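K.L.:
Straight from Swiss-Prot, here's the annotation block:
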- 586, 589, 605, 609: Zn(2+) binding site (BINDING)
- 48-162: coiled coil (COILED)
- 221-276: coiled coil (COILED)
- 184: phosphoserine (MOD_RES)
- 365: phosphoserine (MOD_RES)
- 372: phosphoserine (MOD_RES)
- 379: phosphoserine (MOD_RES)
- 385: phosphoserine (MOD_RES)
- 400: phosphoserine (MOD_RES)
- 415: phosphoserine (MOD_RES)
- 504: phosphoserine (MOD_RES)
- 534: phosphoserine (MOD_RES)
- 280-329: region 'Interaction with TBK1 and IKBKE' (REGION)
- 326-458: region 'Disordered' (REGION)
- 583-609: zinc finger (ZN_FING)
């Protein structure tokens with residue numbers, strides 16, 4: 001085969017040779033004749049055609065053999081003499097797909113065979129039980145046949161005895177007839193009792209066969225012998241009837257056992273089918289019940305969260321209205337009319353309002369200012385600051401969420417703002433009687449606000465988590481650890497901002513400020529200090545429990561979005577309840593707690609309710 005492929009067999013025509021080459025046997029050659037040239041050329045062409053046909057057939061056979069060889073090597077990989085496995089890179093993908101298809105088909109066939117094997121095992125078990133029952137029936141049948149043979153032998157014995165007795169009776173009758181021969185001619189001799197079947201049939205026929213038909217019976221037989229023979233015959237007939245009844249009972253028992261066996265087989269098949277269907281239905285029912293329970297729990301949780309969001313929004317509106325009313329009433333009680341209605345910041349003197357005093361220049365601050373319902377002049381009710389006073393005022397001012405930057409003789413938080421208008425310290429007015437103290441003043445008498453803020457830096461409320469834009473950078477609560485549900489002790493500077501963010505004064509105060517309704521006379525500006533707010537100032541209590549409410553305007557909303565932890569609605573509810581009373585209560589179970597009760601324990605109590613309400 002290789003020699004045929006290696007040989008280059010080709011016949012060129014004269015045109016394919018070229019102009020310089022000539023045929024050796026061409027007609028132009030004088031050495032050879034024309035007939036010989038044409039004959040040799042035709043023979044070569046014929047041989048070439050035959051060889052081409054043979055080569056084509058061999059190539060087709062070779063391709064077919066190669067395909068078969070590749071298929072066989074895929075199914076049964078062969079190893080060459082050198083220990084290397086034959087691989088065909090051109091058919092790797094097809095081989096892999098064929099192997100996968102064959103693997104899947106073989107796996108299916110294996111599963112089918114296993115299923116059939118299991119069925120065959122069950123059928124073998126059933127067949128074994130049937131064989132055991134059949135063997136029992138066969139044993140019982142053989143026992144019955146043995147008993148029947150014994151009874152037949154007994155009946156035959158009794159029949160022989162009866163025949164012997166009949167012969168004896170006939171002999172006695174013959175002797176008696178010989179004695180009375182002179183009275184009557186001799187009777188014919190009786191045939192011997194050799195036919196036992198006749199007597200057996202007579203016995204099985206019942207007692208209807210009377211003794212009157214017996215041959216040779218004469219009334220001269222003694223009554224005693226006749227009675228004895230009749231009793232023996234009746235006993236044999238009774239035994240035969242008993243054997244017949246026992247045979248019928250055993251046949252009925254055999255038929256009953258066969259019927260019970262068939263019934264047991266049918267009930268077992270029905271039980272197998274019903275048990276499988278019952279298991280499937282129980283699984284479907286259990287899965288459906290679980291899905292219904294999950295859907296109901298999710299619906300209840302969604303409704304409860306909606307109610308909690310509505311309650312928190314209602315509490316926020318009530319608290320804002322209450323704080324606005326408190327701020328208005330406190331400003332009217334603790335500030336003179338001239339200072340409250342002054343549109344520009346000025347420094348009033350301790351003299352009466354009729355006496356004019358030179359106005360002080362406004363307090364200067366390097367940071368942006370925010371409008372406030374009170375002027376930036378200090379009052380005796382404010383705390384001291386290391387900076388020099390800019391505009392002292394003898395009149396107590398209304399408390400605001402942002403502390404002013406002017407100095408007063410009262411305690412005030414420190415601020416690096418330079419003094420702008422120093423003034424003599426006036427005498428503070430007498431405080432109002434205790435009965436006239438407002439609700440906000442009673443709230444200011446509570447413990448410092450940093451304790452409240454540190455106690456309520458726990459989990460976020462569900463209503464705040466629903467606003468995904470405000471907490472885009474925060475991780476979802478279900479991905480946090482279990483310890484994240486408890487309050488985390490943090491420094492005051494990192495309560496509203498992360499450890500890597502700068503604490504700018506404007507962002508610090510815009511995130512927690514309160515927005516009061518603008519009065520026509522409140523056109524002054526509040527100076528925002530450059531230092532962070534102190535946790536001891538009384539005015540920050542307002543902002544500490546109002547920071548959880550979303551502020552609708554864009555600057556405050558932007559600052560609110562930078563907060564890492566927002567207060568949850570239980571903290572707002574508890575702080576609102578502590579404003580008017582000395583007893584705080586759980587918003588979920590209405591359990592009362594004293595004011596001195598630790599905030600961490602109270603938050604754990606509320607978190608226990610929230611954890612129990614989860615699915």
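Cβ from N, Cα, C; glycine included.
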K.L.:
For the binding-site residues 586, 589, which Cβ has the most other Cβ atoms within 10 Å, all shown protein chains included?
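P.N.:
Checking each of 586, 589, the winner is 586.
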K.L.:
DSSP three-state call for residue 589 (Zn(2+) binding site): helix, strand or coil?
P.N.:
coil
K.L.:
DSSP on residue 605 (Zn(2+) binding site), three-state: which is it?
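P.N.:
In the DSSP reduction, residue 605 (Zn(2+) binding site) maps to helix.
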K.L.:
List the other residues in this chain whose Cβ sits within 8 Å of the Cβ centroid of the Zn(2+) site residues 586, 589, 605, 609, in sequence order.
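P.N.:
Neighbours within 8 Å of the Cβ centroid, excluding 586, 589, 605, 609: 587, 588, 591, 606, 608.
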K.L.:
Per residue, counting other C-beta atoms within 10 angstroms of the C-beta, which of the binding-site residues 605, 609 reaches the highest number?
P.N.:
605
K.L.:
Average the pLDDT scores across the coiled coil (221-276) and report the rounded value.
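P.N.:
Within the coiled coil (221-276), the model's average pLDDT equals 86.
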